[in-house]
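Look at TrEMBL and you will find A:50, A:51, A:52, A:53, A:74, A:75 tagged as FAD binding site. Annotation source TrEMBL lists [2Fe-2S] cluster binding site at A:216, A:221, A:224, A:238. Residues annotated as domain 'FAD-binding FR-type' in TrEMBL: A:2-99.
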Ligand SMILES: Cc1cc2nc3c(=O)[nH]c(=O)nc-3n(C[C@H](O)[C@H](O)[C@H](O)COP(=O)(O)OP(=O)(O)OC[C@H]3O[C@@H](n4cnc5c(N)ncnc54)[C@H](O)[C@@H]3O)c2cc1C
Ligand SMILES: Cc1cc2nc3c(=O)[nH]c(=O)nc-3n(C[C@H](O)[C@H](O)[C@H](O)COP(=O)(O)O)c2cc1C
Ligand code: FES
């Protein structure tokens, strides 16, 4: 169930160019969140909240971690929020990933840019359950790369940059051919990336996490719909997603 | 205790606060936050004759002190709404107002007469002001003759009281209000969103896929107040006021300008508890300004 909670900022630090990692403490949110869900964050002076994925969950410390990139006014303002301050948050919002794999299986995680954060909490959960994790992470260029070490702790990790300034050059799809044998793929990133991942991995089972501009963030306003292969013909990203089976929605 | 009640055609409200159409769905999602029975009424999302899928995304954009939306009247159609949504809302002790939309006179009549058969719907809000669909809606909202015509037809098609929701996107708003009053409207609902646009700098193109959208939120409040104040002087049917309300002071301002009840839209997105919090704060706000009841405040700035 979504609640409106106050979350205390435990730490905020820059982890890459324009990219902030923020650890937030709250009992309810940390106890109920699952990988793939997001927080809908209020920012003073803004009519609309900002959706940000949950990138890590620590039940012992009662924290969740978010990672976000400065893109406009809102994320700029969020990056200025400092330790000790309280954030007004709706969460946990949306549904988590279908964690259908079992011990011995392999999960392929494919994240692009600000689509990388939700992949981390999923990979961590899976690796705790002894599921193999292989990650392919795409960034614009070297200075934007974050969490490489953390993903490496989970399993084999391929970094791709658009300009080749770090890791392989190109797009995540350019290295997918190097990954052999996986049971389910999970992907989050810009729509063009998700489309080409879907095409490249046609026939494989997969889940994708979608982004769209939101109004309410709870399923009431129909701002965030995506065409779907269902009787109604659409799904709401905020409440039916943001995670979908790759065959369920029309990209 | 402060008396918050208001009595309008078809609506005996325990307080004057209701969520605005399109900003509260059919109540389900907000019912996880508080008891909807607390609300004076709920205005449901627009209903059309058949299901509509709405516009492509992006459908919303944030603006200074507000937002643009171009949802495009997405809804499952009047029959499904009566079957699946009205019974849910009817479980709560609150008045249900149905928002009626369409592209043709016949569609408006069909939707209105279908709601007439449904029990539990107390009143109709006749939406002749949606700026976000290509054909329809808006031509009824910008021409006094057409507005009167659709009001008459809907009054004939249904026994429920009809509150006509007017578009602010006209030059002579007062004539529109007078025309629908003459055509038999039981009340007015105002204002709907104001047409606007945002250009997305990275793509250098309009951000919304519909290009234009309706502006709502605090940015439009002074416009709504001015229009209500002007209409109140010329028209005698009651007004449900809306446009940028986000706290109890705003509600009082609308009442003073001439609204008999108010609806809260975009503020539900900022804070899902907003309607409930406004209702809690209304008595002390009225008291602070020496007002004894909601009824006492209505139109006080006008007369
Ligand atoms: C489910 C979900 C999870 C997300 N997770 C993350 C994350 O973990 N890390 C991260 O950096 N970003 C994430 N995003 C994107 C993030 O929400 C936007 O970058 C952010 O809202 C931009 O706000 P702004 O004020 O800085 O930008 P502006 O462009 O000024 O924002 C204007 C408006 O557009 C909306 N908007 C702009 N871009 C996006 C976008 N890509 N997606 C959704 N709304 C947008 C804003 O919320 C705001 O309402 C996620 C988006 C969604 C939908
Ligand atoms: C996302 C959204 C959807 C809306 N949908 C409808 C609708 O279906 N029918 C309608 O009459 N008005 C609709 N409106 C207009 C509101 O009911 C209200 O008149 C307007 O938003 C002004 O109030 P506000 O400033 O409090 O939001 C919508 C507004 C928003 C923001
Ligand atoms: S943002 Fe309102 S329905 Fe998804």
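Start at 1 and count along the chain as shown; that gives each residue its number.
Using the three backbone atoms N, Cα and C, a Cβ is placed for every residue, glycine included.
Feature map: TrEMBL annotations on the structure.
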{"residue": "A:50", "record": "FAD binding site", "Cβ contacts under 8 Å, 6 or more apart": "A:40, A:41, A:43, A:74, A:75, A:78"}
{"residue": "A:51", "record": "FAD binding site", "Cβ contacts under 8 Å, 6 or more apart": "A:38, A:39, A:40, A:41, A:93, A:211, A:214, A:217, A:238, A:242"}
{"residue": "A:52", "record": "FAD binding site", "Cβ contacts under 8 Å, 6 or more apart": "A:38, A:39, A:41, A:66, A:68, A:78, A:117"}
{"residue": "A:53", "record": "FAD binding site", "Cβ contacts under 8 Å, 6 or more apart": "A:36, A:37, A:38, A:39, A:66, A:67, A:117, A:118, A:188, A:209, A:242"}
{"residue": "A:216", "record": "[2Fe-2S] cluster binding site", "Cβ contacts under 8 Å, 6 or more apart": "A:223, A:238"}
{"residue": "A:221", "record": "[2Fe-2S] cluster binding site", "Cβ contacts under 8 Å, 6 or more apart": "A:215"}
{"residue": "A:224", "record": "[2Fe-2S] cluster binding site", "Cβ contacts under 8 Å, 6 or more apart": "A:212, A:213, A:214, A:215, A:236, A:237, A:238"}
Those binding-site residues out of A:50, A:53, A:238 that pass a Cβ cut-off of under 8 Å to chain B are none
In three-state DSSP terms, residue A:75 (FAD binding site) is classed as helix
Across all protein chains shown, the binding-site residues A:74, A:75, A:238 give the max Cβ-within-10 Å count at A:238
Binding-site residues A:53, A:74, A:216: those with Cβ under 6 Å from an atom of ligand 3 are A:216
Not counting A:50, A:51, A:52, A:53, A:74, A:75, residues with a CB within 8 A of the CB centroid of the FAD site are A:38, A:39, A:41, A:66, A:68, A:78
Among A:50, A:51, A:52, A:53, A:74, A:75, which the record lists as binding FAD, the farthest-apart pair of C-alpha atoms sits at a distance in angstrom of 15
The correct DSSP tally for the domain 'FAD-binding FR-type' (A:2-99) reads 13 helix, 48 strand, 37 coil
What remains of the binding-site residues A:51, A:52, A:74, A:216, A:224, A:238 after requiring a CB under 6 angstroms from ligand 2 is none
Listed in sequence order, the binding-site residues from A:50, A:53, A:75, A:221 whose CB sits under 6 Å from ligand 1 are A:50, A:53, A:75
